[in-house]
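As written in Swiss-Prot, here are the features:
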| type | residues | note |
| --- | --- | --- |
| BINDING | 111, 115, 304 | Fe cation binding site |
| BINDING | 134, 135, 136, 137, 138, 167, 180, 276 | substrate binding site |
């Protein structure tokens with residue numbers, strides 16, 4: 001089955017073609033970072049308009065790169081949520097229109113299921129069951145995964161997601177957007193030990209997360225530096241390092257607990273923050289100590305992309321799932337409500 005995947009949940013327009021026998025044939029992506037950078041964050045209306053502008057050129061690009069024709073496509077998968085409603089509607093309406101014109105089925109895909117399954121596109125994909133750490137700008141969750149659609153949320157953030165905390169901390173330090181890569185860049189030259197941030201909710205049982213306090217701690221630290229006249233670039237680097245260390249160590253502690261609780265030794269990390277090299281290195285060390293395995297997608301499939309949507313949609317289309325005639329998207333969508341395959 002050849003599936004066209006469309007991703008428009010936020011500020012990236014992604015289009016890909018995935019074949020159930022041959023694998024990923026082509027993928028194309030347009031990032032709106034430059035469009036939103038001057039505003040310090042995503043402007044939903046601008047995001048929606050740009051998705052409209054980019055969709056068909058990207059579709060032509062993947063068809064040209066793959067050598068496929070529209071008549072070869074057997075189904076269309078698109079991100080139906082969670083995400084920005086206006087942006088989601090662009091992808092959903094495009095998918096439904098093309099499906100009607102081409103006489104093929106369409107299916108809305110859960111954005112975070114796409115992220116969770118992105119490592120399946122690699123040469124050595126994980127085997128079920130495993131624990132997944134989904135860590136992005138909008139989500140931080142630990143999930144037990146026994147199969148596609150067989151998800152048990154073990155713990156999640158009670159306030160800011162990890163990626164959101166990265167972006168907000170970068171903004172208060174006067175750094176660019178998106179904040180995650182900026183924090184990671186500065187942290188490389190930070191001095192260990194100058195600042196020590198708390199590891200939130202690690203002093204009690206459970207697998208929940210809370211990152212809003214870290215953002216406040218960073219703000220107070222930065223304000224103290226400014227008040228004392230020590231607000232130069234080195235202080236920014238030191239705060240960035242202390243913040244990143246706190247987030248990474250918090251995630252490591254919770255992942256270790258989740259693996260112990262489930263008795264599993266396979267961990268999948270997915271979502272935009274999974275591209276953070278400090279986090280990857282720390283997880284690899286931890287899984288080495290536990291004689292376990294860690295899996296993640298290549299960096300370009302950590303952030304939003306059409307390939308993960310095409311893959312996830314292909315699995316569900318092969319199982320016979322189809323959309324009805326109505327276009328439905330979801331700003332919020334609990335992953336546990338998805339049907340199991």
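Think of each number as a place in line: the chain as shown, counted from 1.
Each Cβ is built from the backbone N, Cα and C atoms, and glycine gets one as well.
Taking the features listed in Swiss-Prot, we show where each one sits on the structure.
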| residue | record | CB count, 10 Å |
| --- | --- | --- |
| 111 | Fe cation binding site | 29 |
| 115 | Fe cation binding site | 29 |
| 134 | substrate binding site | 25 |
| 136 | substrate binding site | 24 |
| 137 | substrate binding site | 25 |
| 138 | substrate binding site | 20 |
| 167 | substrate binding site | 23 |
| 180 | substrate binding site | 25 |
| 276 | substrate binding site | 25 |
| 304 | Fe cation binding site | 26 |
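When the Cα positions of 134, 135, 136, 137, 138, 167, 180, 276 are compared pair by pair, the longest gap among these substrate-binding residues is 17 Å. Look at residue 138 (substrate binding site): DSSP puts it in coil.
Same-chain neighbours of the Fe cation site beyond 111, 115, 304, judged by a C-beta within 8 angstroms of the site's C-beta center, are, in sequence order, 7, 9, 79, 112, 114, 136, 271, 305, 308, 309.
Counting only residues at least six positions away in the same chain, the Cβ atoms of 141, 161, 162, 163, 251, 269, 270, 271, 272, 273, 274, 279 sit under 8 Å from the Cβ of residue 135 (substrate binding site). Checking the binding-site residues (111, 115, 304) against residue 134 (substrate binding site) with a 10 Å Cα-Cα cut-off leaves 115. The two recorded residues residue 167 (substrate binding site) and residue 111 (Fe cation binding site) have their Cα atoms spaced 20 Å from each other. A helical conformation is recorded for residue 115 (Fe cation binding site) in the three-state DSSP classification.
On a Cα basis, residue 276 (substrate binding site) lies 20 Å away from residue 111 (Fe cation binding site). Within 10 Å of residue 304 (Fe cation binding site), as judged by C-alpha distances, no binding-site residues are found among 138, 180, 276.
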